[in-house]
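Feature annotations, reproduced from Swiss-Prot:
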BINDING   30, 31, 32, 33, 34, 51, 86  S-adenosyl-L-methionine binding site
BINDING   86, 87, 88, 89  substrate binding site
């Protein structure tokens, strides 16, 4: 009932490792299995993980990661220099729904952007001044994720790509000037 690491997880890790600085205070939103956070631990000042799933939260704790069970980063008052998120970015069709926590980990809502919008709307609250975020998105998302980023006054740069059979995944670095 936890999202298992896949190509998108690897893409986030690669982009995070290129961006990471030793003095970064990092939050990984929706950390799931802890694949990324586990590999960043010890390479930065601190790392906090969040996940909405109690099963993911238990797994993150089991791996020795600091975790807050919450939706995105609700209730967290600290701001972070590096924010990471591999969101659910696909629209899960009704016949594929299982009615469990894995649905929450995979289903990005209509056109795959519901959770991405929620994340972008909360980014000012969790990203420090001169902070950066790395977001994973799909070429299948509508409206275009780049437009959603622009509409919220952020700047962005594609810092990684991965072509799959039916879509292209992007690692997008986001910041404010």
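Backbone N, Cα and C atoms are what each Cβ position is placed from, and that goes for glycine too.
Structure with Swiss-Prot features highlighted.
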residue : record                               : Cβ within 10 Å
30      : S-adenosyl-L-methionine binding site : 23
31      : S-adenosyl-L-methionine binding site : 29
32      : S-adenosyl-L-methionine binding site : 22
33      : S-adenosyl-L-methionine binding site : 19
34      : S-adenosyl-L-methionine binding site : 25
51      : S-adenosyl-L-methionine binding site : 28
86      : S-adenosyl-L-methionine binding site : 29
87      : substrate binding site               : 26
88      : substrate binding site               : 19
89      : substrate binding site               : 27
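Among the binding-site residues 30, 33, 34, the ones whose Cα is located within 10 Å of the Cα of residue 87 (substrate binding site) are 30.
In the three-state DSSP classification, residue 31 (S-adenosyl-L-methionine binding site) falls within coil. Put simply, the two farthest-apart Cα atoms among 30, 31, 32, 33, 34, 51, 86, the recorded binders of S-adenosyl-L-methionine, are 12 Å from each other. For the recorded S-adenosyl-L-methionine site, residues 30, 31, 32, 33, 34, 51, 86 set the reference point as the centre of their Cβ atoms, and the other residues of that chain within 8 Å of it by Cβ are 2, 3, 28, 35, 36, 37, 49, 56, 60.
The shortest Cα-Cα distance from residue 88 (substrate binding site) to any of the binding-site residues (30, 34, 51) is found for 30.
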